[in-house]
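The structure appears right after this line, and notes come after that.
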Amino acid sequence: MSNTWKIYILAIVSFLVGTSEYIISGILDQIAHTLGITLAAAGQLITIFSLVYALSTPVLMALTASMDRRKLMMYALGLFVFGNVLAFVLPGYGWFIAARIIMAMGAGVVVVTALTIAAKIASEGKQGSAIATVVMGFTASLIIGVPLGRMIAVALGWKSVFGAIALLGLIAMVVIFFTLPYTEGDKPVPLLQQLALFKKRKVAMGLSITFFWLGGYSVAYTYLSPYLLNISGINGKLLSGVLLIFGIASLVGSKFGGYSTDKWGVPFTLVGGMTLHIVTLILLSLVTHSYIGVLVILILWSFAAWSTGPTQQFHLATIEPEMSGVLLSMNQSMMQFAMAVGAGIGGVFVENVSLASITWVGALGVMIAIIASLLIFNSQPKQALKDINQ
């Protein structure tokens, strides 16, 4: 099997993990009804997953740093499958929380390991595209996994979704066992030493790009549906189609980000993508009550926002190459924190200012990310910058 197909297998695994994380938002009403809890209590399942994912991933990656990446993938995927099995067979809210915690612990390690393996087995000069493919699998869960999961839940009950994910996860474990090569781990790095990485200016600045880019995106995206309905005046019957197109644009943007990184380098792709991100957020607040105009801007926004994902992953992997796995795991945690903080800040502005303000607040966050990017690139020696471009 070619390495290209192996990378696609990793993308499929990433898709399963993403679906398991995001599916809750698509079946929240069914979970609340079946378990006899409020929607707010059901919503905590999302918060718990994100926090466990963010906090446990760096710790687990540090403890398993020297382990063969294929073996680590098998163990982490096994833990993830076990969590989904528990969600499928055990009754009650408390047991479901426990299952979500186990899922999240496995999920974080699976995604980071998939990104690491993809970068290591990719052909020279194609690492950015390889990472983009894995990221695209995770992104696809929003567009395909959540709607498909909703359909399965309506037909067979919401627990069947987790049973299906567990079954597909088991199949993925078998395929990975027979196809992925032995891949060396990184040099073990104690957790305190990982945290000490924040003392390095380029690492702290690099991770701040993730926080402000995705945080700015989250401010607006979290409240996109009510924004389109109440501010842009889009008909509710058309909303699902608009969101589907938005999701497809994110897939295209993610793939383009990897291609652009390989062809034109990190600085051009990162700064260019985030600049377009800001422009589209501002335009979205100016172009209202025009269905075609709003749709075009949404497509460009989604494309620009997600072109940054694989580029930033590759950028972090090149900042400290010998600790790429550690940095990628820290980045996964930062992404989870950014989404949570962005949603929280967006809620504050929606409640105390206006729904229309979220695009401007989101644009401000992305602007800070651009400034951090420019500071990093301008401080690098020309040769180091050339290395990043390759």
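Each residue, glycine too, has its Cβ placed from N, Cα and C.
For 7-27, 35-55, 77-97, 101-121, 128-148, 161-181, 203-223, 238-258, 281-301, 335-355, 357-377, the entry in Swiss-Prot reads transmembrane segment, with the evidence type sequence analysis.
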Of 35-55, 101-121, 203-223, 335-355, 357-377, whichever stretch has the most CB pairs under 8 A to the transmembrane segment (281-301): 357-377
Intrachain neighbours beyond the transmembrane segment (161-181), with Cβ under 8 angstroms and 6 or more residues off its ends: 1, 5-6, 9, 12-13, 16, 19-20, 23, 27, 69-70, 73-74, 77-78, 80-81, 84-85, 87-88, 99, 117, 121, 149, 152-153
Winner by Cβ pairs under 8 Å against the transmembrane segment (357-377), considering only 35-55, 101-121, 203-223, 238-258: 203-223
Most Cβ pairs under 8 Å with the transmembrane segment (335-355), selected from 7-27, 77-97, 203-223, 238-258: 203-223
Dominant neighbour of the transmembrane segment (101-121) in 7-27, 35-55, 203-223, 238-258, by Cβ pairs under 8 Å: 7-27
Interface-richest range of 35-55, 77-97, 128-148 toward the transmembrane segment (7-27), CB pairs under 8 Å: 128-148
Region pair the transmembrane segment (238-258) / the transmembrane segment (128-148), three or more CB pairs under 8 Å: yes
Range from 77-97, 128-148, 203-223 with the greatest count of C-beta pairs under 8 A to the transmembrane segment (35-55): 77-97
Long-range Cβ neighbours of the transmembrane segment (203-223) (under 8 Å; 6 or more residues past either end): 197, 270, 274, 277, 281, 284, 305, 308, 312, 315-316, 319-320, 327, 330-331, 334-335, 337-343, 345-347, 349-350, 355, 358-359, 361-369, 372-373, 375-376
